Structure formats: structure tokens, C-alpha cells
Amino acid sequence: MSRSNRQKEYKCGDLVFAKMKGYPHWPARIDEMPEAAVKSTANKYQVFFFGTHETAFLGPKDLFPYEESKEKFGKPNKRKGFSEGLWEIENNPTVKASGYQSSQKKSCAAEPEVEPEAHEGDGDKKGSAEGSSDEEGKLVIDEPAKEKNEKGTLKRRAGDVLEDSPKRPKESGDHEEEDKEIAALEGERPLPVEVEKNSTPSEPDSGQGPPAEEEEGEEEAAKEEAEAQGVRDHESL
């Protein structure tokens, strides 16, 4: 009982070995407790870990006096920062960490049991990431197949076009020859028509009309003269 009472009476600056889940008994120091954390962490001390410079809140049952437990818990350990912590607690027990490191590592060290859950969450995330990668892999596999099918159809269409293309020039060539022949015929036909059209209006201008009328007048005059002579001959008889 005297030992437990003595543990509960730790003061700021006392050197101890602190035990956390997943970690060996670590050289540490009782640090000052912030006033805001006193109510929420009743009967717990803010502990500063040498070597790693992390902080955590631990109860008296997890704290052991350094001098009494040095032979038991002060053996060398391969854990990172442990040997540095033993050196600091002996040679530089008043070392302090920066506020950023202490506040950041406090949350990490205060809840070590949560770390496995975090790892499980990471595992789930990794699983989901792997699942998504598998899905992406399927999508990637399907896309080349679609591209191959599309390329095949394009090749077939291109082949059909190439097969049709030699035929079309021939047909177009025949049509062109026919068009040329028709154009040549049409070009020949309008020429006489134009000549006729041009000749028709020229007839009145040439003066052929009036000479015909004069001939008719002369014939009539000749008939009249012949009749007159006949009358004269008859009278003379």
C-alpha cells in the first residue's frame, strides 16, 4: 500500500518507467499537466517519453519509479528510441520537445490500442483500393476489346469502300463519254437553226419581195395588151 500511495504522489519532474500497450517499459518523466486537461484526465499524469519525445496521459498503475525499476526495465532494447531514452534520462533529464511534436505525439501515444483499428481501416482502404484497381483493370481489359471490334468494323467498311470505288470511276467515265457525245450533238444541231433564223429576217432586206410583185404586174400588163390587140384585130375584121 505504501508503494501505491507513493506512486499516486508523483510530482512534476519525477523520473519513471511508463508502460503502454504495445511498448516496453519506457524511460519517462512526469510532466506538467495542462489545466484544461485536469478534469478530463483525473488521476492521470502527463508523461514525457525520453528518446521519442512523445507525451501521453497514464494512471499510477502504469508508472514505476525509475531508480527502483532501473535494473529491471533498464536493459537494452532494439526498439527505436529506447537506447536514446536511457541516455537522456541519465544525462539530460530536463530535455523538452517542441509544442508541435508534443501535441501531435500526445494523441498518438495516448491511444495506442486504436492503432490496430486504424491499420484495419487502412486495410479496408487498401482492399477497396485493390477492388477499385481490379475494376479498373476489367474496364481496361474491356476497352481494348471494344476498340478491336470497332477497328474490325472500320476495316470492313474501308474494304467495302475500296471494292466499290473502282466500279464507280468506270460508271462515271461512261457517263462522261455519253455526256460528251450528247453535248457534241447538241452543239452541232443549233448551228443550222441559227443560220435559218438569221436567214429569215434577211429575206425582206434583200429586196426579193418587190421584184416578184413587179413580175406579176408585168404579166397583168402583158395580158391586158394582148386582150387590147385582140379587140383591135376583131374590130378591123
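In case you wondered, yes, glycine gets a Cβ from its N, Cα and C as well.
Among the features that Swiss-Prot reports, heparin binding site is placed at Lys19, Lys21, Lys72, Lys75, Arg79, Lys80. Annotation note: Lys72 (heparin binding site) sits in a helical segment as assigned by DSSP.
According to Swiss-Prot, the feature N6-acetyllysine maps to Lys44. All protein chains considered, the CB of Lys44 (N6-acetyllysine) has 18 other CB atoms within 10 Å.
Residues or ranges marked as motif 'Nuclear localization signal' by Swiss-Prot on the basis of similarity to another entry: 75-80.
Swiss-Prot lists 91-106 with the feature compositional bias 'Polar residues'.
Marked as compositional bias 'Basic and acidic residues' by Swiss-Prot: 116-128 (among others).
Among the features that Swiss-Prot reports, phosphoserine is placed at Ser128 (among others), with the record citing a large-scale study or a structure entry.
Residues or ranges marked as phosphoserine in Swiss-Prot (evidence: a large-scale study or a structure entry): Ser132 (among others).
Feature annotation from Swiss-Prot assigns phosphoserine to Ser133 (among others).
Residues or ranges marked as compositional bias 'Basic and acidic residues' in Swiss-Prot: 135-173 (among others).
The phosphoserine annotation in Swiss-Prot covers Ser165 (among others) and is backed by a large-scale study or a structure entry.
For 181-197 (among others), the entry in Swiss-Prot reads compositional bias 'Basic and acidic residues'.
Per Swiss-Prot, the feature phosphoserine maps to Ser199 (among others).
The phosphothreonine annotation in Swiss-Prot covers Thr200 and rests on similarity to another entry.
Summarising the annotation, Swiss-Prot assigns phosphoserine to Ser202 (among others).
The annotation phosphoserine is assigned in Swiss-Prot to Ser206 (among others) on the grounds of a large-scale study or a structure entry.
What Swiss-Prot lists as compositional bias 'Basic and acidic residues' is 223-237 (among others).
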Residues that sit under 8 angstroms from Lys19 (heparin binding site) by C-beta distance, when 6+ apart in the chain: His25, Trp26, Leu58, Asp62, Leu63, Phe64
Lys44 (N6-acetyllysine) versus Lys21 (heparin binding site) - Cα distance in angstrom: 16
